[in-house]
Each structure stands twice: as structure tokens, then as C-alpha cells.
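Going by Swiss-Prot, these are the annotated features:
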type	residues	note
DISULFID	27-66	disulfide bond
DISULFID	36-55	disulfide bond
DISULFID	39-60	disulfide bond
DISULFID	43-62	disulfide bond
SIGNAL	1-23	signal peptide
């Protein structure tokens with residue numbers, strides 16, 4: 001019984017680690033084949049203001065929140081609608 005329990009510990013640890021890493025990483029959008037001149041302006045042209053522009057290996061990189069992060073306020077909105085209907 002102890003051997004069966006110990007064989008489950010490692011996969012469970014990896015599942016927890018992968019779940020946490022996926023939640024904490026930001027989204028990267030590479031603007032490849034473009035030099036780093038005016039990188040911030042290029043990020044503002046294609047992405048929202050919440051993105052940060054940096055230069056990596058002579059390529060402009062726009063880093064910021066994932067599109068899924070915008071869904072969180074929508075949940076609060078639906079909650080308020082439900083409260084309005086019930087009142």
C-alpha cells in the first residue's frame with residue numbers, strides 16, 4: 001500500500017506545479033523581423049496600453065496580460081445583473 005501511495009505523489013506534485021505556472025505566466029506576442037526602433041509605439045498600435053514593450057535579440061516583444069484575464073470583470077457584471085433581476 002505504501003508503494004502505491006508513493007507512486008502517486010510525484011504525478012500530483014507535477015500537476016500542481018504546471019497548474020501554478022500556467023496561471024502566473026504572462027502572454028508574449030513577438031513582432032518578429034522588425035528592429036527595435038520605436039518598439040513602444042508598435043506595441044501600442046497592435047495591443048492595449050497594459051502591454052509592456054521590450055527589446056529581445058533585436059526583436060520587439062510586447063508583454064502583458066492574457067486575453068483571458070479580461071473575462072474576470074464580466075463575471076462580476078453577470079452577478080450584478082442577477083441581483084438586479086432578483087430585486
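From the backbone N, Cα and C atoms, a Cβ is placed for every residue, glycine too.
Neighbour density around each Cβ, counted as other Cβ atoms within 10 Å, peaks among the disulfide-bonded residues 55, 62 at 62. Cα to Cα, residue 43 (disulfide bond) and residue 60 (disulfide bond) are separated by 8 Å. Here residue 62 (disulfide bond) is positioned 9 angstrom away from residue 55 (disulfide bond), judged by their C-alpha atoms.
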